[in-house]
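Below is one structure, written out as structure tokens; comments come after it.
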């Protein structure tokens, strides 16, 4: 009987279950969306029980549709939307409040208070992160502040905190394992990435009792087995976990220092492996843990771009310039250039390296001769310019010059964008055969832990190139275009 690895990819808008075989190929996939709650402007919440239900549903679907028996699953790997925060009762397993999602800004006030007290350098030094509503720590504080009696119950050990990986492992194991992995812990604002422990000083500042925190474990090891009543009567090892962007770095086989990947989803996330060094950023990047395996931790630099694929959705749904996202490529290729037009898609502010949440979207360089094609091309090009901003920061911080960029995510199907990205960065861009690199990374982490794959070398050998884009632009043109982008960003930031 063939054995498979089951990856659970729990995302922001949907949960997916993907079966992989020993060659790292997708056997079958199932997906289910769930409800987004917006109780107030800027707030985003999920129902943690609904997420759990969606995960059970996709597991059942993928096994039945692929005609794979539960006992053919060698191990389960979990990857997840990072930072999203759940607090639940230890005895009943019931959440005491909705999950507060990574995008949610409801703790911005708490962050402002912490920054006003001068805590930013302390948090940055210990966690590699900025004080921002994006990360879990202030979300836990918010729940403990707003749910009556919660902090006292947490101190008594009656409540548990977890990011989504922790919640799913706890549920799948029937409450036998309250654990997280190093990569997810490093996104909480409560974990010291140098000592590799929950940090008492930071917990005191946030008012979060240590008793509610999960045990931090390697990203590739058996945490527990599935409770038979949740997995069709079978106990399967839950053997790997990593946050979605770190899992994608692993799935792209970026195992050596200086290798990098960029994921083009709703936003863009670029990670560079910095090996066993936690590189402190002077250019607006986050220092984060890539994964912990075989008794050692490896680090990464991360750049976050808030608007990428969502800019193409805006062309389709907001401006109705295109019928499908794929149409953007054909329109962009009808013109030789944008004719001097720049789109700065700062719909929710700008991320790395600017970290300006007040700036809004802007368009520059319009003339009477500007057409729809120019506008669409300029919007696509903005994804590549933002990526160049991030890469410039990475190279400055790490002292490493990138030799190739591996890419994944929905927008990488756009050949125009990938070619322009290569031209602008002056490095080759490599698109893999398997684009589901996040789930693949989780599968690899779980499979390594149970001997389904033997080593990272085996995994690196499986990585297959679908297409390589080589830079074709001359240096003068590249410099001229990028100077124009920087001018456009400065102008957008001045208009507030």
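Backbone N, Cα and C define each Cβ position, glycine as well.
According to DSSP, residue 134 (sn-glycerol 3-phosphate binding site) is assigned to coil rather than to any helix or strand. Residues annotated as sn-glycerol 3-phosphate binding site in Swiss-Prot: 12, 82, 83, 134, 244.
What Swiss-Prot lists as ADP binding site is 12, 16, 266, 309, 410, 414, and the listing cites sequence analysis. A helical conformation is recorded for residue 410 (ADP binding site) in the three-state DSSP classification.
Listed in sequence order, the residues of the same chain lying 6 or more apart from residue 13 (ATP binding site) and placing their CB within less than 8 Å of its CB are 33, 34, 36. Among the features that Swiss-Prot reports, ATP binding site is placed at 12, 13, 14, 266, 309, 313, 410, with the record citing sequence analysis.
For residue 83 (sn-glycerol 3-phosphate binding site), the Cβ neighbour count at a 10 Å cut-off comes to 25, with all displayed protein chains included. Annotated glycerol binding site per Swiss-Prot: 82, 83, 134, 244, 245, in sequence order.
Residues or ranges marked as phosphohistidine by Swiss-Prot on the basis of sequence analysis: 230. Sequence-distant contacts of residue 230 (phosphohistidine), defined by Cβ-Cβ distance under 8 angstroms and a gap of at least six in the same chain, are 56, 171, 172, 174.
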Non-site residues, in chain order, whose CB comes within 8 A of the mean position of the CB atoms of 12, 13, 14, 266, 309, 313, 410 at ATP: 11, 265, 310
Largest inter-residue Cα distance among 12, 13, 14, 266, 309, 313, 410 [record-listed ATP binders, Å]: 17
Extra residues within 8 Å (Cβ to Cβ centroid of 82, 83, 134, 244, 245), glycerol: 81, 84, 102, 187, 243, 269
Closest of 245, 266, 313, 410, 414 to residue 83 (sn-glycerol 3-phosphate binding site), Cα positions, binding-site residues only: 245
Pairwise C-alpha maximum, in angstrom, for the residues (82, 83, 134, 244, 245) that bind glycerol according to the record: 15
Greatest C-beta neighbour count within 10 angstroms, which of the binding-site residues 309, 410: 309
Euclidean distance between Cα atoms of residue 12 (sn-glycerol 3-phosphate binding site) and residue 313 (ATP binding site), Å: 17
Around the Cβ of residue 16 (ADP binding site), the count of other Cβ atoms that are within 10 Å: 21
